[in-house]
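Input: a single structure, listed below in structure tokens.
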Amino acid sequence: MEPAALTGWGPLGALVLVLVLVPVLVPLLAAALRRAAPRGLPAAPPAGPGASSAAARPEGLRKAKLPARARRDKPQPHSFTHRLLVAALKGHSGSVSCLDFSSSGKYLASCADDRTVRLWSTRDFTAREHRCLRANVELDHAELVRFSPDCRAFIVWLANGETIRVYKMTKKDDGTFTFTATSEDFPKKHKAPVINIGIAETGKFIMTASSDTTILIWNLKGEVLASINTNQMNNAYATVSPCGRFVASCGFTPDVKVWEVCFGKSGDFREVIRAFELKGHTAGIHYFSFSNDSRRMATVSKDGTWKFWDTDVEYKKQQDPYLLLTGKCEVTEPCHIALSPDAHVAAISCGTSIMVYNTRRGEEEERFVGVHGQCITDLAFDTSSRYLVSCGDRAIRVFHNTAGYRAVVEEMETMLKKTANKATRERLEQQITSAKKALAAIYGRKH
């Protein structure tokens, strides 16, 4: 068709042309606009239960949030070094709560919330590797552990069962042990959490103490022989004396109360009688400890002092213990004190640190800071007074008791000046030489 013909349509022809072209041009224009739109932000995803709110954020914001997401890493073991550190006994996979040396001095028992009790050979303390024997605590875990006097058994306090379980130790030909739990646990008697257990060295009774004011005396069959009300508002600590005659407790009141557990000549239980008290602190007592012969005691109090006592008294004649020394110390909870078996040294733990004091002069000899990653839960000397051990996380740390060696030298030299007997002088000189050699070996030089 020629142009002249189109112009001949007039207004009606123009209208028809517009109506024909608009439906074609509008979609083309919309497509062109979409292609020309900026692409800086992604389209939002459809909302729904599975939609991620993070997916709707700009990429820059998503990247900024990533570092804030805490990754669940395994806790790193606590690192501690010191020139007097003998060993770090590692084997537990949970926090260690209690330690106990056998009366023979050959073994150290430890328990943790990993449902195991482990036995360590003290002979291996200075070795490169520290092997241990494991006793499993079925369906529970032990909070406290104590050896029997003959080292043929040990008892534990069950955290969930809230009672005592006895394990018999059977020695095998290779020198290791098998551990067998007795068929029945002790009956439940305490109404408050138990803070300590103990076995008398005589083998005549077992003690359990709870955080109220109760101490129970049991026979080995699990029968209660006596119940003691300490009348101390609450019990902070209680234990059996190493001689096996006494039980003692401390708590809210500023004294330590001591009772004698009496038996007849035939071995039958008779009674529990009040023996003596340690009086002198001005605030509640956190902890106390006996020497190996039970003739000395050490206490630590909220009043910021520790005291050293002579308890070798005839209490039946109304003789009171003698206060030998008072020392100042830092006191933060939880707080423990351990008196060396020979009574030459007192160690005090507060939080994660340990201070070691000479009991003759009351002076601080050593300080170990940040020993464990958690608060120290137990502190003890081995039976020979050579080592000090502590626990508070998954590791047990063993230290040289250099303060003890120095105290022996100091005491023997004082005695040497006062004696003229030749045999006695030779014996004292040998002890001095032996202690000095031990110190030289520890420090790697003359000391």
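Note that Cβ sites are derived from N, Cα and C of the backbone, with glycine treated the same way.
TrEMBL entries are annotated by machine, without manual review.
Just so it is clear, the model here is predicted, and its values are computed rather than measured.
The annotation transmembrane segment is assigned in TrEMBL to 12-33.
The region 'Disordered' annotation in TrEMBL covers 40-59.
Residues or ranges marked as compositional bias 'Low complexity' by TrEMBL: 49-58.
Annotation source TrEMBL lists repeat 'WD' at 89-123 (among others). Counting same-chain residues at least six beyond the ends of the repeat 'WD' (89-123), those with a Cβ under 8 angstroms from any Cβ of the stretch are 77, 130-138, 140-147, 149, 151, 154, 156, 159, 167, 177, 179, 201, 374, 377-378, 380, 382-384, 387, 389-398.
The helix, strand and coil residue counts that DSSP assigns across the repeat 'WD' (187-221) are 0 helix, 16 strand, 19 coil. The repeat 'WD' feature in TrEMBL is assigned to 187-221 (among others).
When DSSP labels each residue, the repeat 'WD' (278-310) comes out as 0 helix, 20 strand, 13 coil, counted as helix, strand and coil in that order. The feature repeat 'WD' is assigned by TrEMBL to 278-310 (among others).
Distant neighbours of the repeat 'WD' (278-310): 236-237, 239, 241-243, 245-246, 248, 250-256, 258, 320-331, 333-343, 346, 348, 357, 359, 362, 383; these residues of the same chain sit at least 6 beyond its ends, with a Cβ under 8 Å from one of its Cβ atoms. Per-residue pLDDT, averaged along the repeat 'WD' (187-221), amounts to 96 for this model.
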